[in-house]
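Q: Below you will find the structure I want to go over with you.
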Amino acid sequence: MYSFDRSFGEYKYVAGVDEVGRGPLAGPIVAAAVILDLNALDEDIILELNDSKKISKKKREELSEVIKKKALAYSIKEASNKEIDDKGIAYCNNKVFLDACTSMYIKPDLVLSDGYLVKNIQIDNKSVIKGDTKSACIAAASIIAKVYRDNLMKEYSFKYPNYGFEENSGYGTEKHVEYLKKVGSCDIHRLSFLKNILGN
């Protein structure tokens, strides 16, 4: 994965950016950008990144901390459910990508983005399909974004109990939808996503 990130030429700082939370009914969309030292031989990180989809939640949280400690720079940005309702999910997806990439204290020379190009970015940018399985930087970004958002939704579960946010992270599971139909939405639900469920 490191060799993939190095394959784009003589770029000193390569950032990977990925998002989590595009599809849930509640909570923000979150993006993380990560610049790794591509000359370091962090084999422990490389092996874990290669298997990031299969590792346990506990291991993912541990790996997130390792990534943040060893990264040259990283940034996590979010757009709230209110912003999503106001501007739309596509706009907010690009916004958090752009904000994450441009807010690190090291400016990247190249941004590798998962899935699509980042609009209005003034940095070289290449999109990578299924980037979290190919690029170390994108995989690292994916992990810290997911851990950040999962923990955020767990915190929300104390304020808004019974929606199951600590387990479903805001996604439309059967139990979540059943409870929505029973009691209605809370302050962190994306109302624009609920029209077909609540009929308003």
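Backbone N, Cα and C define each Cβ position, glycine as well.
Pulled these from TrEMBL:
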BINDING   Asp18, Glu19, Asp114  divalent metal cation binding site
DOMAIN    12-200  domain 'RNase H type-2'
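Tell me what's around each of these sites.
A: Listed in sequence order, Ile29, Val30, Ala31, Asn93, Val96, Phe97, Asp114, Ala145 are the same-chain residues at least 6 apart in sequence whose CB falls under 8 Å from the CB of Glu19 (divalent metal cation binding site). A strand conformation is recorded for Glu19 (divalent metal cation binding site) in the three-state DSSP classification.
For the domain 'RNase H type-2' (12-200), the model's average pLDDT works out to 92.
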Q: Let me know how many other Cβ atoms fall within 10 Å of the Cβ of Asp114 (divalent metal cation binding site).
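A: Other Cβ atoms within 10 Å of Asp114 (divalent metal cation binding site): 23.
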